[in-house]
Amino acid sequence: MAKIYVDSKIYNVNESDNLLQACLSVGINIPYFCWHPLLGSLGACRQCAVTQYDNFQDRKGRLIMSCMTPVTDGAIISIKSTESEVFRSAIVELLLTNHPHDCPVCEEGGHCHLQDMTVMVKHSMRNYRFKKRTHKNQYLGPFIKHEMNRCIACYRCVRYYNEYADGVDFGVYGSNNNVYFGRIEDGVLESEHSGNLIELCPTGVFTDKTHSKKYNRKWDMQYAPGICHNCSVGCNISIGERYGEIRRIENRYHENINHYLICDLGRFGYSHTNLNTRPKKPTYVNKYNDLNVLNFNEAIKIGVDFFKRYKRVIGVGSARSSIENNFALQELVGKENFSNGMSNKEKECIKSILEFLKNNYIYIPSLKEIESYDVILVLGEDLTQTSSRVALAVRQAVKKKVQDIKNLYGIPKWNTSSNIHISEKFKNSLYIMHTHESKLDDISEWSYFASIDKQVNLASSIAYEIDKSSPKVSNLDSELKEKVLLISDRLISSKKTLIISGSHSFSDSIIKASINIAKAIKFRAPDHHVGVTLLTSSVNSLGAELLGGMSIESALDDLKKEKADAVIFMEYDLYRSVSEYDCEYFFKNKDNIITLDHQYTQTFKKSMLSLPSTNFTESSGTVINFEGRAQRFFQVYDPNFYDKSNCLCDSWKWLHTIKSKINNTEICWFNLDDVINSYAEKYSIFKQIKTNELNSNLRIHGQKISRSPIRSSGRTSLRSNIDVHEPCQPKDINTMFAFSMEGYNQPNSSVSNIPFAWFPGWNSPQAWNKFQVEVGRNLISGDSGIHIFKKYEKKTDVYSNIVLKNSIKEKYWNIIPYYHLFGNEELTQYSSIIQENTPLEYALIGLSDAIKMGLKKDSIVEFNCLKKDYCLPVQVSKYLTEKQIGLPIGRKGFPLALVGEKIEFL
């Protein structure tokens, strides 16, 4: 720590910071534009000027840029000196000479950093009376609106997009006072993280186009801390609502997960929550096939009669639903009748992952920690498409060597102006094994393209080369043997090694082979730091599997063999998992089927009793991410408040009410805390989830935490078009939040789940500075989430039961999955804007096969699989090996059951 003097006051600050960051960390406001905690310092805007003095006798001092000045012990500076105040005000005035006077119609108004800084420097009168420079705006795609005339040339956008995210289709053009930030020509931004430009831009150059369609100011929305449900990373998000619709999703700071960035799917893929076609009332199909709309009590009565009529009812849960909902279903049908909805293949993968996490003497890094590794090996995962935020972290890890070089020469971490020159020459090692090309190949030192079986063989060879107790592989060619020696040497000689794999290939063997490599490194060098990241396909795959249960194949088999009489699906679409033929056969009789869901899935439409449930924005619950971190998401609004005819309930409420009526007992789950207490008592692994911080009884100074900013307006007229009498605001009995602007909303050590970032004078996302102990580091309250797996010190043996297959010429075509960020995740497929931007379905075929068959791009291929005919255009891959065909697994018509199936004729 260093001691500095600021306007005659003494502060102890972090000596590794620059003066700007140090002052912000101790609560001193200095205006800035080009600096950002994520991007470091550039010194481009000259806005953060302060006066520095040589000693206490110096009365004149000199102007310095605080973002480019390192902290030195005993430094004497003034922020309030007349010279620095006049200078900062003049800089804002200069920046505004070409800035339009359009705050009232700008989407950034109300959470604009430029507005905040203008107020901070007390600039209120413009002296510029001449014509303003104007630019033509570009079309940047359906998600981001471009308004170049608002630009102040802070360079944040190009530094993030090109230097941080490695984007290549965005840049800066021009010179002097006439620069342009955009693409060479109109077009959709290619980066999967382009949406972060919206929050990083301090003005309104880049704004959320999806929000603009139904716009509200920041202070007029109701927020709740949420968890992104689109993959297993579990990024923290802030969800904004108005008039019963989700209007905007923003990044919610979490130091060890997403910090300042989320992917575009998490930011823009929410419109399925607003669909008017969503089920909102219970329905019942009688014996005459008539559809009847029910009220709550009628639906419960039919549900109770259903369970009394059938002896054994199978309950099928879902990995896209919370632990609470799955547990409620398990309690209703019994543990022996419960299925978590996973296929046999996926279940084996998740079991292996859980076994490893429970015995994790090998380190499990957080998303942020992935950025610190110097050698990374990725096996069987297309990270950019399946876990995009992990791919961005891997990109930072490859560039981490730049910081090592800077440390060698004493260049501070925050001084990023030299990064681009160093990074071209020095990079860390990334090795990838996959079936076909991925978007990380551009930074990979070596990519190996082969079938899953061959990937397992190569991974096992690496493990054997490191430690001879691993399974031995024979028949590797000489070129691959050289690569095995190279990679094994790099893995063992690095400072920190990371192995990444997961369940998206539906191969248990690739997961075990990945773990074997990590174990082999630990056996050979016990003090070597090695980490393992194992990704799953859904937000709560680990949570669902911890509850146990049979596979979906076993459940359907029991129903076909009449070992069970009926089934209840909870937020689960059978058509996504099982072949269409099997589904149609199964749904011939709908009398024995109940479905709960918040989307009109094909399964929901074919049920006897259909119960509408709340989605992740309308309910609260717990999910577990890939590292075993249990995280709570919170209800944003009450959907029944805006439309009293709605009959939407949390799935656990439907299920528990039915169970209570069947057993003629009193309802004992009155709120979410009661459900958590029940499963924490039954499953010891969940005991840590029961924490006082998340208890619904938590109060700060006697107040609940407000979901809305204090300036929220129009509450009394929200429903005036329906009824002029203002109804009572809904009461949230499940959480510590209030559906109101009345309550506590300031930084506090008791609350790590923050609905929105706001602080007096700080309305933009830069307000997160005020919620952190030190700017860019941990929150005052600490990170949210609880690691449920304890550190395990005892070493375990390598997997010796991996099936190693020799290379043989394939007779049939083998189906493998390919993924796209937009289109493969289940719920976002219902989102209209995601549908518009989903690539068309195609069959991916290797170049050698295409040449043999005389196929080229967009040629049509036909085949039959799982008793269904397919007709698809062809896309040709340079690297896909012979007799492999890639299909868009997870999309409508392409169930998970297709993976690994064989096609005889193509």
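Cβ atoms are placed via backbone N, Cα and C, with glycine included.
For the [4Fe-4S] cluster 2 site, Swiss-Prot gives CYS151, CYS154, CYS157; the one candidate out of CYS106, CYS201 that the record lists there too is CYS201.
Distance between Cα atoms for CYS231 ([4Fe-4S] cluster 3 binding site) and CYS157 ([4Fe-4S] cluster 2 binding site): 26 Å, as a whole number. A C-beta separation below 8 Å, combined with a sequence spacing of at least six in one chain, links CYS48 ([2Fe-2S] cluster binding site) to LEU20, ILE30, PRO31, TYR32, TRP35, MET65, SER66, CYS67, ARG88. Counting only same-chain residues 6+ beyond the ends of the domain '4Fe-4S His(Cys)3-ligated-type' (83-122), those with a CB under 8 A from a CB of the stretch are 29, 31-33, 45-51, 61, 63, 128, 132-133, 145, 147, 149-150, 152, 177, 202-204, 207-208, 211-212, 215, 217-219, 761-766. Taking the Cβ of CYS45 ([2Fe-2S] cluster binding site) as centre and 10 Å as the limit, one finds 24 other Cβ atoms among all the protein chains shown. Using a 10 angstroms CA-CA radius around CYS45 ([2Fe-2S] cluster binding site), none of the binding-site residues in CYS103, CYS106, CYS151, CYS157, CYS201, CYS228 qualify. DSSP assignment over the domain '4Fe-4S His(Cys)3-ligated-type' (83-122) gives 24 helix, 0 strand, 16 coil. Taking only the Cα positions, the spacing between HIS99 ([4Fe-4S] cluster 1 binding site) and CYS151 ([4Fe-4S] cluster 2 binding site) is 7 angstrom. Per DSSP, the domain '4Fe-4S Mo/W bis-MGD-type' (221-277) is made up of 9 helix, 20 strand, 28 coil. Using a 10 Å Cβ-Cβ cutoff, CYS106 ([4Fe-4S] cluster 1 binding site) registers 18 neighbours. Annotation for the binding-site residues CYS157, CYS231: lowest Cβ count within 10 Å of the residue's own Cβ, CYS157. In sequence order, ASN230, VAL233, GLY234, ILE237, ASN258, ILE262, LEU265, GLY266, SER387, SER388, ARG389 are the residues of the same chain, not among CYS228, CYS231, CYS235, CYS263, whose CB sits within 8 A of the CB centroid for the [4Fe-4S] cluster 3 site.
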